[in-house]
Amino acid sequence: MAELLLTYAYILLYIALSSGQIFFNKWVLSSKFMNFPYPVALTLLHMVFSTVLCFFVVKVLKVVKLDQKITFDIYATSIFPIGAMFATTLWLGNTAYLYISVAFAQMLKAVMPVAVFLIGVAVGLESLNLKMLLIMSVISLGVLVASYGEIGFDWVGVVYQLGGVIGEASRLICIEILLKQKGVKLNPLTMMYYISPCSALCLFVPWVFLEKPKMDLIQEWPSNPWILSLNALCTFALNISVVLVIAHTSAVTIRVAGVVKDWVVVLVSAFLFSDSKLTPINIVGYGIAIAGVAAYNKLKLAKPGGEAEKALPNHLVNMSTLMQQVGFIPNAKAKCEGCTQTAIYH
């Protein structure tokens, strides 16, 4: 009983941190709240913070062992491109919050399986079949209906959000091609250990040219550095919660938790933010999309080895993530070998 309660506690912690991080980012970026309209700078801070803390946890505390050697060739041809796509995904996703509501952004993220499937077909990892096309059509229809019912529709925000979705889908496909086929197995923490420095470097360049000049014009720094540090710390805590959930549950459980988290974000954001105005059409459309995503997850898990090979801690964001291999989690190898990592605060 104690172990069961601990498992539920980890799941609730994951849902709370994942949902809370999305709200926190919106609060920091919004002009109505903290008014820090620099999504690249915010994401860069997250990646720098993650780099430092991952180094401390892996190298100093030695919580996770780096059993597999990452050669320069693998780092340059696999890790770095994945880090660059991860940086792009987070940059575009956070920028979308400047233009559209949290609820609508979350609804648009439901199209993630469609993007992953289409890119997978293009590169030969997925095959076209009638059942999958039907599921993709249901998801797309749901997102279109939800978009039609959106009061605060903004094309700029939609383009940014869909760009983030495409970037995340491309990242997942690259993980499948560049890492899995090379036999590289990394758990969520060690994956962030390698990817965070790459993402930080890739974000530093656009920050210097796009946001730093604007920030230099501000005579008085408008933001509380302690709040920004807390925001970055929460992103790292989210990754730790993912490790805990993966180690104590199955792929099916983590998928269900992801669906619950997405509904929590959509419904709660309507009460927290004035720009999140839900309409009946929004709810119906998102419900249709989620039904399609559930069917997609069920179909993937029903395949031989599906639960072990295609797990999804945060499939709509995250997702934060359909195809990333984790490898071996201490005391949970039998359940979670091959589970995937959630993208932070997605």
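Each residue, glycine too, has its Cβ placed from N, Cα and C.
Because TrEMBL annotations are produced automatically, they should be read as predictions rather than curated entries.
Predicted, not measured: the structure shown is a model, and the values here were computed from it.
Quick look at what TrEMBL annotates:
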type     : residues : note
DOMAIN   : 10-297   : domain 'Sugar phosphate transporter'
TRANSMEM : 36-58    : transmembrane segment
TRANSMEM : 70-92    : transmembrane segment
TRANSMEM : 98-125   : transmembrane segment
TRANSMEM : 132-149  : transmembrane segment
TRANSMEM : 155-179  : transmembrane segment
TRANSMEM : 191-210  : transmembrane segment
TRANSMEM : 226-247  : transmembrane segment
TRANSMEM : 254-273  : transmembrane segment
TRANSMEM : 279-296  : transmembrane segment
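Proximity of distant same-chain residues to the transmembrane segment (70-92), defined by a Cβ-Cβ separation under 8 Å and at least 6 residues beyond the stretch ends, is recorded for 39-40, 43, 46-47, 160-161, 163-164, 167-168, 170-171, 174-175, 178-179, 182, 184, 194-203, 206, 343-346. The average pLDDT computed for the domain 'Sugar phosphate transporter' (10-297) is 86.
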